């Protein structure tokens, strides 16, 4: 099992490469392992991460964090709640061509699809679509503890994406919470683990 780090949004995330031994539920196991490692880096005693009623990770009091895993990777980050309201990270393999239409119709509205198709530079549509999808996943994870209920992809809209800086902007278009009103905008970051895998992060 190979371990390495990925820098995103000024923080280092512990990442476990589980490609050789991860299938099905083992991704969850490696995600929880990464979470425990993230807590240890904060000086928190080693402990299991609980699971809430919505299957969300339950972090120790005073900690905000996020876990993500795919068929090949798992990652986690933990930060002091005294400095941050929430954090969300998401790793995705590039969306396959046969799945693009489904993702477009469920995760994006027409204006977002137009924005992505109008992008110039070396970011393919396949990649930018995956970035947009992953960013909304990260936003959901990072705000769930505040919103306290499920909400759809349509709650936020992609308004900008810049490959050169590895940033994108999401704007809230449905009221989610008192401090998450319609019109509030957030900048998220994205980067690449390998040529077929990317990671997004949301911090507020």
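Note: Cβ is positioned from N, Cα and C throughout, glycine not excepted.
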- Query: Per TrEMBL, what member of 32, 36, 41 joins 68, 69, 90, 137, 141 in binding CoA at one site?
  - Reply: 32
- List, in sequence order, the same-chain residues at least six positions removed whose CB sits under 8 Å from that of residue 92 (Mg(2+) binding site)? 70, 130, 133, 134, 137, 197, 198, 199, 200
- Query: Expressed to the nearest Å, what is the distance separating residue 141 (CoA binding site) and residue 91 (Mg(2+) binding site) at their Cα atoms?
  - Reply: 12
- Between residue 68 (CoA binding site) and residue 91 (Mg(2+) binding site): CA-CA distance (Å): 6
- Item | Span of 32, 68, 69, 90, 137, 141 around CoA - largest C-alpha separation, Å | 18
- Across the domain '4'-phosphopantetheinyl transferase' (86-169), average pLDDT on the 0 to 100 scale: 97
